[in-house]
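Below: one structure, written as structure tokens.
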Amino acid sequence: MKAPIPHLILLYATFTQSLKVVTKRGSADGCTDWSIDIKKYQVLVGEPVRIKCALFYGYIRTNYSLAQSAGLSLMWYKSSGPGDFEEPIAFDGSRMSKEEDSIWFRPTLLQDSGLYACVIRNSTYCMKVSISLTVGENDTGLCYNSKMKYFEKAELSKSKEISCRDIEDFLLPTREPEILWYKECRTKTWRPSIVFKRDTLLIREVREDDIGNYTCELKYGGFVVRRTTELTVTAPLTDKPPKLLYPMESKLTIQETQLGDSANLTCRAFFGYSGDVSPLIYWMKGEKFIEDLDENRVWESDIRILKEHLGEQEVSISLIVDSVEEGDLGNYSCYVENGNGRRHASVLLHKRELMYTVELAGGLGAILLLLVCLVTIYKCYKIEIMLFYRNHFGAEELDGDNKDYDAYLSYTKVDPDQWNQETGEEERFALEILPDMLEKHYGYKLFIPDRDLIPTGTYIEDVARCVDQSKRLIIVMTPNYVVRRGWSIFELETRLRNMLVTGEIKVILIECSELRGIMNYQEVEALKHTIKLLTVIKWHGPKCNKLNSKFWKRLQYEMPFKRIEPITHEQALDVSEQGPFGELQTVSAISMAAATSTALATAHPDLRSTFHNTYHSQMRQKHYYRSYEYDVPPTGTLPLTSIGNQHTYCNIPMTLINGQRPQTKSSREQNPDEAHTNSAILPLLPRETSISSVIW
């Protein structure tokens, strides 16, 4: 049924009236061109989409039905881009179809991207607008295209709704849509404060971990429609002005400089979240902005964002004076402001007087630091430094030039077959390792009582004389030494006690193990307090036997300085011939040899050979005994005389006592009386007949 002619005229008038309301943007061939519409369609490949002619949704006050009734026709054209050739669209009716004022794609393909122009016209009027369609693919491994996302912001601890955008064309009014939500393309167990309402996701209390990409998925026929929204969480909108961090508002900051130098004034401030408003921070000198100053040497840097979190920012701006002149000195103010207010703080650029306080303090600080470093090095490596100095620049001690021995070694003698597992290492160290190292490696001359002492009177007086002839007294505190009270000899003899108390001799006490709990240990502590010049050195077991250990360095440091010189063969033989008992040692050794030779002279030949080999092998195994060998002339006789039960006497030529060997004469030249003319009767003490003390 056709409409009455008056009605058509009225409709046409109304339509043309509406066309005149909108301002024209362009005109070509009498057709008004509104260029490209602000609404852009973005879909993923394979999704359906409906493109509506925008003329009926904002450009004219009518709809498609009225326009069609007024005799206007709707035409669609496609072009690749603005200004390109437009060609009419041939609709196939299946994948791409024209339905009233829209074009439907079911589904879209990549080649569907472009500009779609809808034109309504008749013989008198023409109007045109273009709509953009972009078809894209998902990013690799994701369910969305990062260039086709929607963006939303939410304030911390407040509520936020995220809508599934542009799905109105796929919803049925009589049916609730079935929409699935994903976060970062993964299904998620949502917390109770997140609820779903039709096509929206409601977060009742936004948290910082709600930041992310939310994707809604809707099924439409045999197709899937997805929309992705990126949610950004910010701090709550601030209602306070910015806060100045430096310089402070409450006081005037003074910055000193010298004329001709470069000056840099930095202002830092904190800005709360103010939406999309950029922070405003700037410098002024008096009432002038820096840009208004005539000097090009004074300028502002760009605003730098130092920190940013949830929209809150810490920013800074610098005022630079390239070469300070007298006119540049003065008061500069830093201003910060936002929609809630303004704050400012001042810096006084002041000329610095020539003072050397800082330089002097720096120099003194450097010297103090150097002294601290040197003291620390000296504390840690004192012994090594002193040993190095003594070895290269030191001189031997002069106080002990009249003394024959470097040290008197006091220890407890325990035979090796009596060593047990617990004290074996200590005894081996005291009897073997310690003397060997001091004599053979460091070249010290030790007085070892068990080896060097030849009693001439009372035993205690002999020990006192030997200690007096030594520069140091070394006491080796082994468990056996403590149990047997080996130091008692130094307390009994008055001369020895006075030497310890007055500091006449320096004592080196070597503790070989943990002595606490051992019987008589309290007396050891009392002895330490009695000795005036005492050094205690700990021996911590076999690890201290290494040559480079701290133990030997400390011991060498406490011993008298002695340059290590190569020991010749003759010196090695005569190492113990000096001192107050040198001659007696020689005589003792010779007398022992003589006694042994005489005893063997009357023995069976096989017994003599066996005893000779056994004796010398045992004497060489124990280094702390020194053997003296003398070849008795075959024809010589050494008569032995026994007086009582106390001593054994031996007739020895005086030439042997003086350390000389007789020159052998022929039997015709030799005087029969010479063999006994220069002879002497010397006693063989009980010690020379294998009886010796235990503690020395």
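Backbone N, Cα and C define each Cβ position, glycine as well.
What Swiss-Prot records for 666-676 is compositional bias 'Basic and acidic residues'. Summarising the annotation, Swiss-Prot assigns disulfide bond to CYS31-CYS126, CYS53-CYS118, CYS143-CYS185, CYS164-CYS216, CYS267-CYS334. Positions annotated as domain 'Ig-like C2-type 1' by Swiss-Prot: 19-134. Sequence annotations record features per position, and here Swiss-Prot assigns domain 'Ig-like C2-type 3' to 242-350. Summarising the annotation, Swiss-Prot assigns domain 'TIR' to 403-559. The feature N-linked glycosylation site is assigned by Swiss-Prot to ASN63, ASN122, ASN138, ASN213, ASN264, ASN331. If you look up Swiss-Prot, you'll see 1-18 marked as signal peptide, on the strength of sequence analysis. The site 'Essential for interaction with PTPRD' feature in Swiss-Prot is assigned to TRP34. Among the features that Swiss-Prot reports, topological domain 'Extracellular' is placed at 19-357, with the record citing sequence analysis.
In this structure, the disulfide-bonded residues CYS126, CYS267 were compared by how many other Cβ atoms lie within 10 Å of their Cβ, and the smallest count belongs to CYS126.
Other C-beta atoms found within 10 angstroms of the C-beta of CYS31 (disulfide bond) number 14, with every protein chain shown included. Separating the Cα atoms of TRP34 (site 'Essential for interaction with PTPRD') and CYS143 (disulfide bond) is a whole-number distance of 35 Å. Within 10 Å of the Cα of CYS53 (disulfide bond), not one of the recorded positions from the list CYS126, ASN138, CYS164, CYS267 places its own Cα. For ASN63 (N-linked glycosylation site), the count of additional Cβ atoms within 10 Å of its Cβ stands at 12 [all protein chains shown]. Distance from the CA of CYS267 (disulfide bond) to the CA of CYS185 (disulfide bond) is 44 Å.
DSSP classifies CYS31 (disulfide bond) as strand under the three-state reduction. In the predicted structure, the topological domain 'Extracellular' (19-357) carries a mean pLDDT of 90. Most Cβ neighbours within 10 Å, among the disulfide-bonded residues CYS53, CYS185: CYS53 holds that distinction in the structure as shown.
Neighbour counts of Cβ atoms within 10 Å were compared across the disulfide-bonded residues CYS143, CYS164, CYS216, CYS334; the minimum falls on CYS143. For the recorded site, CYS164 (disulfide bond), the DSSP three-state label reads coil.
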